[in-house]
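Visitor: What TrEMBL records for this protein is below:
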- B:HIS33: active site, proton donor (ACT_SITE)
- B:26-33, B:144-147, B:GLY173, B:181-184: ATP binding site (BINDING)
- B:GLN57, B:GLN150: (R)-pantoate binding site (BINDING)
- B:GLN57: beta-alanine binding site (BINDING)
2 protein chains.
Amino acid sequence: MQVIRSIAELRNWRKDAGTVAFVPTMGNLHAGHLALVAEAHRHAQKVVVSIFVNRLQFGQGEDFDAYPRTFDADCAKLEAAGVDVLFFPTEAELYPRVRQAYNVEPPNLQNELCGAFRPGHFRGVATVVTKLFNIVEPDFACFGKKDYQQLAVIRGMVEDLNSPVVVVPVDTGRADDGLALSSRNGYLSDAERAEAPRLYRNLSLIREALAGGDSDYAALEARAKDDLTAHGWRVDYVEVRHAHSLEVAHAGEKHLVVLAAARLGRTRLIDNIEVDR
Amino acid sequence: MQVIRSIAELRNWRKDAGTVAFVPTMGNLHAGHLALVAEAHRHAQKVVVSIFVNRLQFGQGEDFDAYPRTFDADCAKLEAAGVDVLFFPTEAELYPRVRQAYNVEPPNLQNELCGAFRPGHFRGVATVVTKLFNIVEPDFACFGKKDYQQLAVIRGMVEDLNSPVVVVPVDTGRADDGLALSSRNGYLSDAERAEAPRLYRNLSLIREALAGGDSDYAALEARAKDDLTAHGWRVDYVEVRHAHSLEVAHAGEKHLVVLAAARLGRTRLIDNIEVDR
């Protein structure tokens, strides 16, 4: 595996690389990321992974400085996964002017769900992904469904700005007890880790109810929030939405997604489940 | 010359096209556009011109509906200029959702100079150029210095978003009396056309003063505005700025540009001159 740190060198490599599938990450890699890499191999001759902790998508008081940097361990995993190029730029390489002046601005969806709790987050995601797409020029790019709203923003952006990239959504990797794999799981104490699967269990209960024909979204959301709160969670949201647009779902809607974000101690966990009925 | 109307067909053609230089236009082509095409031929194997009157960059009350559509004459000129592909999409092709949801947002510069008189204009320009770049995937793109602020926005965007495109600035084409070539010149009455070169003459006077060491920008700007106003113009602005950043110039600055926008009757004319001293 080649580790490339400069944009110029990456562009030079890209010229003769054939088809490329790309997996942008912030490092601290786990099995969920490796599932993205495995999917990437199915689409193109070469696989590029980037590791870049993107300051632009962290808000004030969020965990940018504390975000785990585990470069050596990440390299070993990517090497073993057959990645061709790891793109690992410095902040100065990606943000030479310090302040990013031109931004990709998503529509109002960016201020709902997670966006309501993380102002500017999805602008930061859309902008860095645009930059990375322009540098790597991938044919395919893999994004996990775990960050469902992020996936929706990237898909919308690619479609609306005509990016020449095919977005490949990849199912969420889970621990045996259902907890969605996430870099932030590493922040959990043993007791919190034991409690954490409750988020997925509540989403599963809502899925069962929806699949059975229940369309009282508000009641289903409230029941899940109550259960989480009763067990020490601080709930940001539990919402049933239209699966593709992420708009508020009408009763009887067939393609749904149930999304949730909640905090256990200092750790914010998110998860979601799609429901077709 | 191949006329391509669909994005899919353009992408298909692009695959085997080799290097491509691109000239985005809104049609109603004149010698200034053909100078862009000639420059484009110097950079790449194939030249693509687009004609698309971009609603997104017209404000309320601007001339979107009245903007001249002269497709047959444009085709003849581009054919004669050796253009390989004319990309001529419909609005439904480029804006299928009607409302563009994701936009490229330029920094505050977008609200100064012409931007102060055309709210949202440069957002519309940056967004459609991003879309066209993503569709045409050019190696080079030619933009006229006549629209100097537009050029600055495109250059800033390409640099800041790492677009894999080399921006080629092209000098402003002028009539024998100095008037900058522009589609909007066609709106001028005979009397207005005779008066119109005064804009360039005033910019030239400021250039001479600056080149001679004068740094009293405010006085130079005021003299030009007074002269124009006295001859029936309504002046939007005459400003001396830093040539690259377009920021307000300090006294003694070496790389300057003098920019002006003023209205003759119903027609808004813009022009500029760079000054290195």
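Glycine is treated like the rest: Cβ placed from N, Cα and C.
Note that TrEMBL annotation is computational and uncurated.
Help me picture where these features are in the structure shown.
Guide: Shown in sequence order, B:VAL23, B:THR25, B:VAL49, B:LYS77, B:GLY144 are the residues of the chain, 6+ apart in sequence, with a C-beta less than 8 angstroms from the C-beta of B:HIS33 (active site, proton donor).
When secondary structure is read from DSSP and collapsed to three states, B:HIS33 (active site, proton donor) falls in the helix class.
B:GLN150 ((R)-pantoate binding site) falls within a helix when secondary structure is assigned with DSSP. Sequence-distant contacts of B:GLN150 ((R)-pantoate binding site), defined by Cβ-Cβ distance under 8 angstroms and a gap of at least six in the same chain, are B:PHE122, B:VAL125, B:PHE143.
The Cβ of B:GLN57 ((R)-pantoate binding site) lies under 8 Å from the Cβ of B:GLY120, B:HIS121, B:PHE122, B:GLY124, B:VAL125, B:VAL128, each of these being in the same chain and 6 or more residues away along the sequence.
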Visitor: Are there any residues in the same chain, six or more apart in sequence, whose C-beta is under 8 angstroms from the C-beta of B:GLY173 (ATP binding site), and if so which?
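Guide: Counting only residues 6 or more apart in sequence, the Cβ neighbours of B:GLY173 (ATP binding site) under 8 Å are B:HIS30, B:ALA31, B:GLY32, B:ALA35, B:GLY144, B:LYS146, B:ALA180, B:LEU181.
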Visitor: Test of understanding: give the count of other CB atoms lying within 10 angstroms of the CB of B:GLY32 (ATP binding site).
Guide: 21
Visitor: Would you pick out, from the binding-site residues B:MET26, B:LEU29, B:LYS145, B:SER183, the residue whose Cβ has the largest number of other Cβ atoms within 10 Å?
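Guide: It comes out as B:LEU29.
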Visitor: Where does B:GLN57 ((R)-pantoate binding site) sit by DSSP, helix, strand or coil?
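Guide: Note: B:GLN57 ((R)-pantoate binding site) is helical by DSSP.
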Visitor: Tell me the coarse DSSP state (helix, strand, coil) of B:LYS145 (ATP binding site).
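Guide: Assignment for B:LYS145 (ATP binding site) reads coil.
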